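A.B. asks: If you scroll down you'll find the structure; I have some questions about it.
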Amino acid sequence: MTFGRSGAASVVLNVGGARYSLSRELLKDFPLRRVSRLHGCRSERDVLEVCDDYDRERNEYFFDRHSEAFGFILLYVRGHGKLRFAPRMCELSFYNEMIYWGLEGAHLEYCCQRRLDDRMSDTYTFYTAEEPGALGRDEARPGGAEAAPSRRWLERMRRTFEEPTSSLAAQILASVSVVFVIVSMVVLCASTLPDWRAAAADNRSLDDRSRYSAGPGREPSGIIEAICIGWFTAECIVRFIVSKNKCEFVKRPLNIIDLLAITPYYISVLMTVFTGENSQLQRAGVTLRVLRMMRIFWVIKLARHFIGLQTLGLTLKRCYREMVMLLVFICVAMAIFSALSQLLEHGLDLETSNKDFASIPAACWWVIISMTTVGYGDMYPITVPGRILGGVCVVSGIVLLALPITFIYHSFVQCYHELKFRSARYSRSLSAEFLN
């Protein structure tokens, strides 16, 4: 039961002097996260974490916020129109109100999102929903202050492994992880050099060629690889142990990539042990090479430590509709121009036909490199109509590719702002921890 006067059918929100009445049934599933948190409050302390003050007798909760901005937000969440900035109010102040009540910049109309992005870029000002000391308030439960020391220790470990800028220990751990990633990538690239492979073959010829002589741990590169894999495996296991939700942990894209990068090593070791790298099973040898090349996934681990890669991933996640639209544009144009180019270059005059455009699938390759203005020069039209079509294809490609880019660009700017301020927020926490 919600903390407050028992038996009351409704509560009153007092926002900057403006009073709004809500029934208790609507309070639990209210669209604004800060308001819905009132339903789970069980004590006075829980209530004061959500609002500024309250009157238990009248079931009235006081919020020292901008009343006009809250009115616009309340109309939006109730389905009465679209969310735009309040008149005569700073964009950053309105955005701060949105975050306080639990909304994001994506809820704004597109024109207002552009105004907000421009204002943020001009002033280098960023906002976030919670401060460092309030990261866990949304998951607060009764008795949180009396949580066991083991749970606090697990939370500290989780943040150390999941948030590279959350503490000094997290930064050191992230730096070590980056070093292992770089070393593993250098070894992977060097192992494909002819001189490296020749030296490795000479070393193997000097071994006793026992059943286990082909194992990856005998060569220096194999030893380095085994050390890197050991670090990545230990890091993944610890992060799994200290995670709050094990199922959610397994579903995260970066954790799936970690699994894809680690698993092939152990599979290749088992296959080498049971079949031998120089055995008559050529299929096993090809499989080993494919599995070892999957180590390239390790480079994606850098996304945990660099804002640029995180921004790219978050942008692709939020703009998947625009990416699909871009793909549809390219496919439609490819189908049209490939059919026309095959007809003009090969189908009309069979005696002087261009053999490079013998089929529509072959013409698709020319269309895609022309629309993207790459132009390898391996195939090109030789007839006058075909060259005219090629010019139209290039211009159409520039226009079609430019149309969705605007949406993707603004989403990229917004994602970068959010992640940059989040990193700066943890950096301030790190500076305080270092000084203390």
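Backbone N, Cα and C define each Cβ position, glycine as well.
Just so you know, TrEMBL annotations never went through curation; they're auto-generated.
Feature list, courtesy of TrEMBL:
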- 9-119: domain 'BTB' (DOMAIN)
- 168-193: transmembrane segment (TRANSMEM)
- 222-242: transmembrane segment (TRANSMEM)
- 254-276: transmembrane segment (TRANSMEM)
- 296-316: transmembrane segment (TRANSMEM)
- 323-344: transmembrane segment (TRANSMEM)
- 356-376: transmembrane segment (TRANSMEM)
- 388-412: transmembrane segment (TRANSMEM)
A.B. asks: Summarise the domain 'BTB' (9-119) as counts of helix, strand and coil residues per DSSP.
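C.D. replies: Result for the domain 'BTB' (9-119), in helix, strand, coil order: 55 helix, 21 strand, 35 coil.
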A.B. asks: Over the domain 'BTB' (9-119), what is the model's average pLDDT?
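C.D. replies: When the pLDDT values over the domain 'BTB' (9-119) are averaged, the result is 82.
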A.B. asks: Pairs 6 or more apart in sequence, C-beta under 8 angstroms, 3 or more of them: is that satisfied by the transmembrane segment (296-316) and the transmembrane segment (168-193)?
C.D. replies: yes
A.B. asks: Six or more residues beyond either end and a Cβ under 8 Å away: which residues meet both conditions relative to the transmembrane segment (323-344)?
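C.D. replies: Contacts with the transmembrane segment (323-344): 316, 357-364, 366-368, 370-371, 381, 383, 385-386, 389-390, 392-393, 396-397, 400-401, 403-404, 408.
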A.B. asks: Mind checking which residues reach the transmembrane segment (388-412)? Cβ under 8 Å, same chain, six or more beyond either end.
C.D. replies: 110, 113-114, 117, 311-312, 315, 318-319, 322-323, 325-326, 329-330, 333, 337, 340-341, 344, 367, 370-373, 380-381
